[in-house]
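Beneath this line is the structure, given in structure tokens, with notes to follow.
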Amino acid sequence: MIKLILISSFFVFINGDFETESLCGDHNATSKSIIDYCISQNGSLKFRCCFLSNSSNILAIDLTEMKLNKVPDLKEFTDLTNLTMVDLRLNPQLESSTQDDFFGMLSLDYLYLPEQYPCPGEKHAWQSINQTIDPKGILCMYQKDVCINSTNFCVEPNSYCATNGPNHFFCLCKTGYYGYKCLRHGQFPMGKFFGISITTTIVLSIFFFWTQRRHVKKD
């Protein structure tokens, strides 16, 4: 039993799903693109990840040959604000999910993908798209601001578009507006909101406490 547990601990993925607690994995980076970029940025390689000097922030990740069938959910990690390069080549079963992939990756400017996975947003979201040979794949370079020259994303008059990663965006309220479709003008009444919420919580807690006491059996 102990032997089985020890063997299982070496797996970074199960059924093609990346385990978030093993982002950097237990294998050294093999992607020449990741290694060369890390050296050029004076970074520090630790297994599959390149860290900024004297920092816990990750600059690049080598996710090649991971048998992935979907892009890992990178939103759960807090040290990826400076993530600039990701290599996902040599994952022949990788499929795209446009709703979630690379969400929030504002600094991602070098994205290597296997041949079957197109650049998210394609030319609308990237300045340059090139084929790679060794290994074969696609290189998506330099994110574009998808909100520029796009008037059909945030159609409400008091909202504006803000990019949030490759082919992702937010619709935010302009200054002085808030609420549903940004229709309310002025400042959000924080004091009133929390006051009502706290009062309601206390009243409901007392109500349920007293109504449920009768169901408690006495010895």
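The backbone N, Cα and C atoms fix where each Cβ goes, glycine too.
Per TrEMBL, the feature disulfide bond maps to Cys154-Cys171, Cys173-Cys182. The domain 'EGF-like' annotation in TrEMBL covers 143-183. Here TrEMBL flags 1-16 as signal peptide. Residues or ranges marked as transmembrane segment in TrEMBL: 193-211.
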Can you tell me which parts of the same chain pack against the transmembrane segment (193-211), counting only residues 6+ beyond its ends and a CB-CB cutoff under 8 A? none
Counting other CB atoms within 10 Å of each candidate's CB, the least crowded of the disulfide-bonded residues Cys171, Cys182 is Cys171
Counting by DSSP, what is the helix, strand and coil composition of the domain 'EGF-like' (143-183)? 3 helix, 13 strand, 25 coil
